[in-house]
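Trainee: I'd like to ask some things about the structure below.
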Amino acid sequence: MLVLMLAAAVATMVRAHTLCRVHTVRTGKVFKSNIQLQGDPLFYAFPNTFVLKNVCKADISVYLGQKVFLTIDNFESSLLPLTVPKSLAVGVPSITSAHFVSGSLVLFVISGKGYSYDYYENTWRKLEGISEPVSHISGDVCCFKGSFCLELSNNLFAYLRGGQIPGTNIYFSDNGGFSFQLMNTDKLSHLTGTLGGIFHLHSMSQVGVLMVENNLGTFHYMEYPLNHSMGIAFSYKNLLEVIMKPYQRGFMVLWNQKSILVSSNSGQIVEHVRLIDQKIFTDLDVEHANINIYSVASNAYELAFLVAEDHLYYGSQSYMGTYVIKLPHQPLWSTHTSIYFEDIGILQVLTPVADPHFAAYDFDKCTVNVQSSLMDEKLALQPCNVELLESTMINTMFTIDMNSKLKLSALMIPRKGENPTPLVMVSNPHALGFKANLNEFGNTFDGNSKYKLDIELKQQHHWGNSDFNFTASIKRHAISSVTVDIADKTLSCVDLKPLSTLISVGCDMTKKIVVQNKISACTMGILNPVQLQKNYTYTIEKEAYDPINHNGEAQDDLIVFYEYKDLGCPRLVYYDKPWKPVVELWKNGIVEEIMNAEYVISEINGLVTYSYSLTAATANCRSQPQNWSTFESDIENEEPFLWNRENYVSCHEDNKDNPLLWPNVEYQVLGGQTNNKIIFGQRNGIYTFHLSVVDPYYSYCNLNTIFSVYVHGALPVTKFQPLLTILLMVTTTLLTAWLAYAIPKQLRSEKGQRLLGFCYQILQLCLGVCFCTWLRGKLRQWLRPRRVKDQNRGKVRVAQKHPET
């Protein structure tokens, strides 16, 4: 019994000093196999190892080392080394960069050329558009659902690290690497030095360029408001690999064998990692410490690296700094060993093992439970000062549209006797601002206080407390992450990860506009909805419309098919009454408001029998307003609906380049600060309009809709000019009145008597002629029936003489 107790005690002591236990993954090798590798085996071009994780699919990874392996089950099966077909003729099959994109593709740079590999179909393809050597492909993967997030993931760069700027070619892709295009580098013309990298920094809605000159690295930015500033310079003696940490929080890791640097704000400040040693905090100088970093692992909140001197370091990365500690020693390192995070607080040490009898490699895996390892008393770490930090905002992407706001909340329960400080951070303060309040609202069963953190977010412009040059352009959509963390959290809070989510300051896809239809031509009995649904057509007269291509006048009437499914019953409008549509803004199927933004309309069939009630002068324009003629050249090129919020210029602002020269032209913008209306011409019939919101400050969405109206009450257009008709009527009336006076007076005179006698004779002659003509007509009518009867009698006699036999 005593022996058993001693054995248990020894086993407990051994476990206490062991980071992890190695187990070997070996599958599919029961029977002997003659499988041989097809193609050229790939290898990593650098002397270290690295495991690239697919951020959105946790079980899919690529191991880069002297051999390359791709797993879809987290290295839980034996694998063949990855090869590239000989038909691609890649030359030396060395990989300098790898990047996962959406779907089942991973992009590789092999010997200066780009290739894509579909790991489900096992197919390779050379990337299109890259004509010069490149060394790296960079991107920032977004894992939320939706087209907006997919668009972020599809933005990529391909570049040659170490290339001279200006001079080196940079390629970009907006379709997930299917094809690349040569980037216009005019914005980089002021930069000099060598290129350390170019990155999509979605956390700040920026493109960042790492430039190296005189052993100093500096991040430069291409978009306003950071395009005239740069990050703080840092030491850059040897080429650094750049890791973009996931979830668009702005965290980066820059490392090589002799250096490891971090940034929490997309490169604006790059600093050293802080080392914790017996409660003493110092900057980790890798070169001075005489260690060689061999493999680096990171996830959204953690960092670890394995050094060739056989030590493993672990740390957490937050906005307050990156702190690491050397874990208890255990022999782990070999030239093939690499590390990666399998989950929060779970670090995997991976070593491929060759099999002399099979082509497939096995894997030695050693799982490090970081939380358990940090409990070692020798590390002297303080316990976590927070018991709970949770919120419903995680794993959800939110949208803040123009003039909107968002409210979030989080629950915090501190450790008993502790008073931690919550921290709220946004990665893009140029676009997104917030206000936070912390309130105590009760206790747990064991007496701990509960706190609720309320956060209100809206565009930085609308808080009104930032310098104009600090805020991003309000017209341009942006992205920012929001993170809730504990400012004074200890390193032992491994399982208490920060709360983070992504905010899109942009178009709310649940919004739409609808033109109100309270009185329609169907409800008033003018049109029949049943007939409208039966392929109803109507005719537009050639005089009433212009061809869509504006090439001369219409030659024929236009027959239009009415789209009842999209348009419904037309709204009823009286032709002579100025009218404008009432536009409703809907969100998530609910009416939000009656829209008062500026918008424009266009009759989609080319009808021109309507006008506007205001001119540039009566609309109080201070510059020449835009109108549809401004965009006619683009319409001829069959471009989409072109007058929108992106190219609209208000005439109510001074514009030296476009002064008000023609104040009497039509003002063709509806809504906003004017009461402009539509005036329909003297024509009854259906009009089908396309409506587009052009106000750039109403919504980031391109809000548009189509609707129809039926104009009634117009009398037919007269064939004569009204002025000519009135002139003829007045002349005829005056002439008749004059004749009624002049004729009786003239008849009393001798000359009048002679004229009267002459007229009498003419009348008698006419009557005689008419009477004779009448008698002759009557005689013909009487004689004609008699001839017909005589002819019929003759035919009867002939028939009697010659009867049929």
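Note: Cβ is positioned from N, Cα and C throughout, glycine not excepted.
So Swiss-Prot lists the following for this protein:
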type	residues	note
DISULFID	CYS20-CYS366	disulfide bond
DISULFID	CYS56-CYS143	disulfide bond
DISULFID	CYS142-CYS149	disulfide bond
DISULFID	CYS384-CYS493	disulfide bond
DISULFID	CYS507-CYS701	disulfide bond
DISULFID	CYS522-CYS569	disulfide bond
DISULFID	CYS621-CYS651	disulfide bond
CARBOHYD	ASN227	N-linked glycosylation site
CARBOHYD	ASN419	N-linked glycosylation site
CARBOHYD	ASN469	N-linked glycosylation site
CARBOHYD	ASN535	N-linked glycosylation site
CARBOHYD	ASN627	N-linked glycosylation site
SIGNAL	1-16	signal peptide
TOPO_DOM	17-723	topological domain 'Extracellular'
TOPO_DOM	746-805	topological domain 'Cytoplasmic'
TRANSMEM	724-745	transmembrane segment
Trainee: In this predicted model, what is the average pLDDT of the topological domain 'Cytoplasmic' (746-805)?
Mentor: 59
Trainee: Quick one: which of these recorded positions, CYS143, ASN227, ASN469, CYS507, CYS621, ASN627, have their CA within 10 A of CYS149 (disulfide bond)?
Mentor: CYS143
Trainee: Per 10 Å Cβ neighbour count, which of the glycosylation sites ASN469, ASN627 ranks highest?
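Mentor: Top count of Cβ atoms within 10 Å goes to ASN627.
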Trainee: Let's check the environment of CYS149 (disulfide bond): how many other CB atoms sit within 10 Å of its CB?
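Mentor: The answer is 21.
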Trainee: Measuring Cα to Cα, how far is ASN227 (N-linked glycosylation site) from CYS507 (disulfide bond) in Å?
Mentor: 24
Trainee: Looking only at Cβ atoms, how many others are within 10 Å of the one on ASN535 (N-linked glycosylation site)?
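Mentor: So the Cβ neighbour count for ASN535 (N-linked glycosylation site) comes to 9.
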Trainee: Out of CYS143, CYS493, CYS522, give me whichever of these disulfide-bonded residues has the highest number of other Cβ atoms within 10 Å.
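Mentor: Most Cβ neighbours within 10 Å: CYS493.
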Trainee: On a C-alpha basis, identify the one among CYS142, CYS507, CYS569 that is nearest to ASN627 (N-linked glycosylation site); the candidates are the disulfide-bonded residues.
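Mentor: For ASN627 (N-linked glycosylation site), the spatially nearest of the disulfide-bonded residues is CYS507.
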Trainee: Among the glycosylation sites listed here, ASN227, ASN419, which has the most company in the form of other Cβ atoms within 10 Å of its Cβ?
Mentor: ASN227
Trainee: Looking at the disulfide-bonded residues CYS20, CYS142, CYS366, CYS569, CYS621, which sits with the largest number of other Cβ atoms within 10 Å of its Cβ?
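Mentor: Neighbour-count leader: CYS142.
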Trainee: What's the CA-CA gap between CYS507 (disulfide bond) and CYS142 (disulfide bond) in angstrom, rounded?
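Mentor: Cα-Cα distance, CYS507 (disulfide bond) to CYS142 (disulfide bond): 17 Å.
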Trainee: Rounded to the nearest Å, what's the C-alpha distance separating ASN535 (N-linked glycosylation site) and ASN469 (N-linked glycosylation site)? Just drop the number here, would you?
Mentor: 57
Trainee: Out of CYS20, CYS142, CYS366, CYS493, CYS522, the disulfide-bonded residues in the record, which is closest to CYS56 (disulfide bond) when you go by Cα distance?
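Mentor: Nearest by Cα distance to CYS56 (disulfide bond): CYS142.
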Trainee: Report the same-chain neighbours of CYS384 (disulfide bond): residues 6+ apart in sequence with Cβ closer than 8 Å to its Cβ, ordered by sequence.
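Mentor: CYS384 (disulfide bond) has long-range Cβ partners ARG415, LYS489, THR490, SER492, CYS493, LEU496.
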Trainee: Inside 10 Å of the Cβ of CYS701 (disulfide bond), count up the other Cβ atoms and send me the figure.
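Mentor: A 10 Å sphere around the Cβ of CYS701 (disulfide bond) contains 19 other Cβ atoms.
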Trainee: I'd like to know which of the disulfide-bonded residues CYS56, CYS507, CYS651 has the most other Cβ atoms within 10 Å of its Cβ.
Mentor: CYS651
Trainee: Should any of the disulfide-bonded residues CYS20, CYS142, CYS143, CYS522, CYS569, CYS651 have a Cα within 10 Å of the Cα of ASN469 (N-linked glycosylation site), which are they?
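Mentor: Candidates kept after distance check: none.
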Trainee: Between CYS142 (disulfide bond) and CYS701 (disulfide bond), what is the CA-CA distance rounded to a whole number of Å?
Mentor: 21
